[in-house]
Amino acid sequence: MRVFLRYFVYLLLSPALVQGQGHVLDKPVTELCLTCICEAISGCNATAICTSTEKGACGIFRITWGYWVDAGKLTVNGEHPDSEKAFINCANDPHCAADLVQNYMKKFNQDCNDDGEMDCHDYARIHKLGAYGCQADMPYNFQSVFEECIEKYEDEGFQ
C-alpha cells in the first residue's frame, strides 16, 4: 500500500497537460485527503475506467459527467471540452481527475458536518454525497474505508 501511495502522490504532483475553464491553481484538498477519497470511492483501482458516459462514474475518483461540468470541464492534452471523449479522458486520467476534485471542492466548499471548519471530512462528504447533499448520512463502507485510511496515514505522519 505504501508503494502505491507514493506512486499515486507522484501522479498527482507530476506535471500534466490539463486544461479547462478554472484550471486549479490553489488546491484546497491535501494529497492525503485525495488518497483517502480515492481509496474509499474506488479502492484507487486504475483499471476501473469507463468508455462511455452511460456507465455513470469514471476513473479512480468515480467522476460523473455533471461533476466534470461543475468542476470546469478540464481536459487532457489540449483536448477541446466539447469533444466527444473529453469527459471520459479527463475522468480516467488520475491527474486530471484529481484537479477536477480540487476545482469541485473550491466551488462547493462548505462545512458539511457542522464542526466549524472545512476539512478533509467535509471534502469526502461533498465528493460522495454531492454539494447539496453533503449533510446526509455517509454510506457505511465509504465512511469506514475513508476513516481507516485517514487514521493510518496520519499515524505514519503523511499529510
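Cβ from N, Cα, C; glycine included.
Not measured: the values here are computed from a predicted model.
Quick look at what TrEMBL lists:
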| type | residues | note |
| --- | --- | --- |
| SIGNAL | 1-20 | signal peptide |
| DISULFID | Cys33-Cys120 | disulfide bond |
| DISULFID | Cys38-Cys44 | disulfide bond |
| DISULFID | Cys90-Cys96 | disulfide bond |
Item to complete: Give the distance between the Cα atoms of Cys120 (disulfide bond) and Cys96 (disulfide bond), rounded to the nearest whole Å.
Response: 19
Worksheet entry | Cα-Cα distance linking Cys96 (disulfide bond) and Cys38 (disulfide bond), given in Å to the nearest integer | 13
Response to the item:
All chains considered, the count of other Cβ atoms within 10 Å of the Cβ of Cys44 (disulfide bond) is 22
